Protein chains: 2
Amino acid sequence: MITVAIAEDHQALIDGIQSYVRYEEDIKIIGHANNGEELLKIVRLKQPKVVLCDIRMPKLDGIEATKIILKELPYTKIVAFTMFDQDEAVKQMLGAGAHGYILKNSSLDVVLEAIRVVATGKTFYDRKLHLPNTQKNSSKSVLSSREREILQLIAKGRTSHQISEELFIGKSTVDTHRKNMIRKLGLSGAGELLRYAVEKKYEF
Amino acid sequence: MITVAIAEDHQALIDGIQSYVRYEEDIKIIGHANNGEELLKIVRLKQPKVVLCDIRMPKLDGIEATKIILKELPYTKIVAFTMFDQDEAVKQMLGAGAHGYILKNSSLDVVLEAIRVVATGKTFYDRKLHLPNTQKNSSKSVLSSREREILQLIAKGRTSHQISEELFIGKSTVDTHRKNMIRKLGLSGAGELLRYAVEKKYEF
DNA sequence: AAAAAACTAGGGTTTTTCCCTAAAACTCAA
DNA sequence: TTGAGTTTTAGGGAAAAACCCTAGTTTTTT
């Protein structure tokens, strides 16, 4: 029997998972929390084999919670369950010691699979995830890494001139990158690119 | 029998809801989509009585989708189902004609309740929601309604010139509004305003 | 080694924003 | 109802930013 605790901001999703798991004979959900602090209490008390854990949570986020849990109870297996498919989020969560990483836009079957896999001591990464191998993926993306770097700054509302100063390159260079990105992405104008940049930060 | 379509970015949540609703005799989920465009197709084809709709979705957001659906099929009841408990999101969704608004951190029982209530023609607002007093809030807002209207268009990446044509006013007028908003919000430059506009649309 | 892609950049043109000023319309309270 | 304050409207010119064309250098891929 695999005992599981869920930490998840959205009660609706917890309810859904519980309903879905109810008739699985090998998995039992022994507790759930809506924030990181609650999760810690539950884990200390009930010592689940697997923790399913959102990254964005009130009070204590999933990354910090993971570190604390693994320090206190190193045999706990932790699966990150989140909407973020971003370099930083994945990197930090894995850095904290998570054993699996699945995305909320995957089906609940993937969740069950992940729980079963990490329970055996193996790791599990969502097939939709495209960035643990940071090297290869950067080349597959439409935008080059330099372009993405510049896009990050554009997303903050910076102008080409400001960006050129931050990156120690010429304004014209930033302009060129900007132009290329607009072309690659099929956009028209600086405004649309900025909009794209801000929205894509959260990986729609 | 209440027929329901779900539009939701996160497949995991759709699976959960479907599992949860399976044994409810009066509610039947006849389709689900992971983005706004898919939702439109399903709604046109199957004409559900109730649509459960996330705000943030790829391709077409919940607000735009709601407007389109209600124009084509005015008897459809739409419930916004989202993580955002923010003025702007609620206001816009209700402005688009939504009949209910529930939060993802409420339990799935609330979802069922909302579906049943709006199906009878009534409206349903999550108890956790704390801003239906639209009058007071809009006057309390820093920006005037015209300014917010323009900010909407700025958020789409439009230039002052484009906005002036859409609103049938002079470019200089849009410029002035833009300048006043930058001042009121304590920002510097068009880029930061655009960033603000895109982010604050859903108040992340 | 050649080809392709990425990164760099200058200079000139066009577009957009920014700034100052100001009038008409509307709002709300004295 | 008068008057002060706010909102919406707008012009013209200066400044800034973006856009376009071209092109050399470096890096990566084939």
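Just so you know, glycine gets a Cβ as well, placed from its N, Cα and C.
Features of the protein shown, as given by TrEMBL:
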DOMAIN    A:3-119  domain 'Response regulatory'
DOMAIN    A:136-201  domain 'HTH luxR-type'
MOD_RES   A:Asp54  4-aspartylphosphate
> Taking DSSP states H, G and I as helix and E and B as strand, how many residues of the domain 'HTH luxR-type' (A:136-201) are helix, strand and coil?
Replying inline: 50 helix, 0 strand, 16 coil
>> Mean pLDDT for the domain 'Response regulatory' (A:3-119), rounded to an integer?
In response: 88
>> If I restrict to non-local contacts, at least six residues apart, and a C-beta distance under 8 angstroms, what lies near the residue listed as '4-aspartylphosphate' in its own chain?
In response: A:Ala7, A:Glu8, A:Asp9, A:Gly62, A:Ala80, A:Phe81, A:Thr82
